[in-house]
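Visitor: Structure provided below as structure tokens; questions to follow.
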Amino acid sequence: MDPKLGRMAASLLALLLLLEGGMFSSHSPPPAPLEKVFQYIDLHQDEFVQTLKEWVAIESDSVQPVPRFRQELFRMMAVAADTLQRLGARVTSVDMGSQQLPDGQSLPIPPVILAELGNDPTKGTVCFYGHLDVQPADQGDGWLTDPYVLTEVDGKLYGRGATDNKGPVLAWINAVSAFRALEQDLPVNIKFIIEGMEEAGSVALEELVEKEKNRFFSGVDYIVISDNLWISQRKPAITYGTRGNSYFTVEVKCRDQDFHSGTFGGILHEPMADLVALLGSLVDSSGHILVPGIYDEVAPLTEEEINTYKAIHLDLEEYRNSSRVEKFLFDTKEEILMHLWRYPSLSIHGIEGAFDEPGAKTVIPGQVTGKFSIRLVPHMNVSVVEKQVTRHLEDVFSKRNSSNKMVVSMTLGLHPWIANVNDTQYLAAKRAIRTVFGTEPDMIRDGSTIPIAKMFQEIVHKSVVLIPLGAVDDGEHSQNEKINRWNYIEGTKLFAAFFLEMAQLH
């Protein structure tokens, strides 16, 4: 071959490799024990995608309390249990009883899978949590493809549950299967806890974890969750904290029936006017919460924490455009991240009982209920926040001298979670990301609430790490949810590398 052509071919190959790896430059080959594992994963990626397609095809919707979907959930859990058994795991499907619904009907709760692979006392034991239920999806709601038929377009795998959470669960299973197929010894003991009711609040799961604390979880050293996303499209991340959530309703009532505004307008304390004033007293136009004392327990900002935000890769312009938002409340990356992760936020969600149909209806609602929530951060306390919010609304309402009745209720109270990033498995996850992606991960928090992380930390007393696989634009819970083939396959390699790193560091 002409040397010049050879150099051109080499240059073209290098460019293709660079494009395939996205924003990362080429990096050193994997350690010897992983080389064959990575090759196996690459060679069998179509099989892994096919399995994901089969799992996505099961309409395991836990949100809609319909017998057909419950049957699908039971089928999904049975398929997962069979997959784990074929890997050689010892599998227990725990009967979770039934769920009583507000309308009086009762529906069975899908079983929780507890599975174990290996019990070598010289090895560390890593427990993986995942869920196989999904949010509702209907093609008529704006999906470009059938949500229950995994469809690949330009390397993107579209389907309900692809990223939340069937893809990541399968990536972990695929990593185990690669070691098994190559007859390589698993570097760590592995346990699974997989549920089918996460999207519906993890019904009865906490009781099971409490019951199994000194049995199934007794030998567990570390817990891994992969149920959130990166903050960018191409750079991996490790999540070490989530916000909590206090959800409130505030009801203002004059009477059960509505009024005609021509007959009663001008002589009543109108419930809607009271409610709008109450909701308007909660937060100002800059996003600052106006409830007295609400910021008192927020953890102080440290220099080390500020440096963490500076190191994170976030293109604000891309983030704003992909969000389809004209302007955020803050102008810098650091301020945006801090107000998403380490400061509380208050959001007003809706009003029940108000007229919201098209057209003009001259009605005065007799009773209305406002709904809002506060995302909590360390070291805020749910019960303290409940008292502060109730006291504030009572104070605002009393100054209106209204004859209506007001009732404030906190319907959900979930604490924030934060981990020690110096724990062994955080170091192992960083090393594994360097091996697979050739870059340092973004160390991120999640502005939403993942109750299971806090629950494991408090009940099992083990280190918990969130290792997301999905890109920021995966659209979990939304129409056209997807996971990129690249994320799914490289994520499988990441978990395989993580096993090895945990073994070396344990």
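Glycine too: its Cβ is placed from the backbone N, Cα and C atoms.
Whatever TrEMBL says is automated annotation, not expert-curated.
In case it's useful when we look at the structure, here is the feature table from TrEMBL:
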SIGNAL    1-25  signal peptide
BINDING   H131, D164, D227  Mn(2+) 2 binding site
ACT_SITE  D133  active site
BINDING   D164, E199, H477  Mn(2+) 1 binding site
ACT_SITE  E198  active site, proton acceptor
DOMAIN    241-398  domain 'Peptidase M20 dimerisation'
SITE      H260  site 'Important for catalytic activity'
Visitor: Within 10 Å of its Cβ, which one of these recorded positions (H131, H260, H477) has the largest number of other Cβ atoms?
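Guide: Counting every other Cβ within 10 Å of each candidate, the maximum falls on H131.
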Visitor: Which one of the binding-site residues (E199, D227) has its C-beta surrounded by the most other C-beta atoms within 10 angstroms?
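Guide: Checking each of E199, D227, the winner is D227.
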Visitor: Can you list the residues of the same chain, besides H131, D164, D227, whose Cβ falls within 8 Å of the Mn(2+) 2 site's Cβ centroid?
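Guide: The surrounding set, listed in chain order, is G130, N165, P168, V169, E198, E199, S226, E476.
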Visitor: Taking Cα atoms as reference points, rank the recorded positions D164, H260, H477 by distance from E198 (active site, proton acceptor) and give the first.
Guide: D164
Visitor: Using Cβ-Cβ distances, find the residues under 8 Å from the residue listed as 'active site' that belong to the same chain and are at least 6 apart in sequence, listing them in sequence order.
Guide: S60, D61, S62, L73, M76, P110, E195, G196, M197, E198, E199, A200
Visitor: Restricting to the chain of D164 (Mn(2+) 2 binding site) and a gap of 6 or more, list residues whose Cβ falls under 8 Å of its Cβ, or answer none.
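Guide: Expected: V134, Q135, D227, G470, D474, E476, H477, E481.
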Visitor: Quick check: which same-chain residues outside D164, E199, H477 lie with their CB within 8 A of the centre of the Mn(2+) 1 site CB atoms?
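Guide: Leaving out the recorded residues gives V134, Q135, G161, N165, E198, E476, E481.
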Visitor: As a test of reading the model: what is the averaged pLDDT for the domain 'Peptidase M20 dimerisation' (241-398)?
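Guide: Within the domain 'Peptidase M20 dimerisation' (241-398), the model's average pLDDT equals 96.
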Visitor: Taking the Cα atoms as reference points, how far is H131 (Mn(2+) 2 binding site) from H260 (site 'Important for catalytic activity') in Å?
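Guide: H260 (site 'Important for catalytic activity') has its Cα 49 Å from the Cα of H131 (Mn(2+) 2 binding site).
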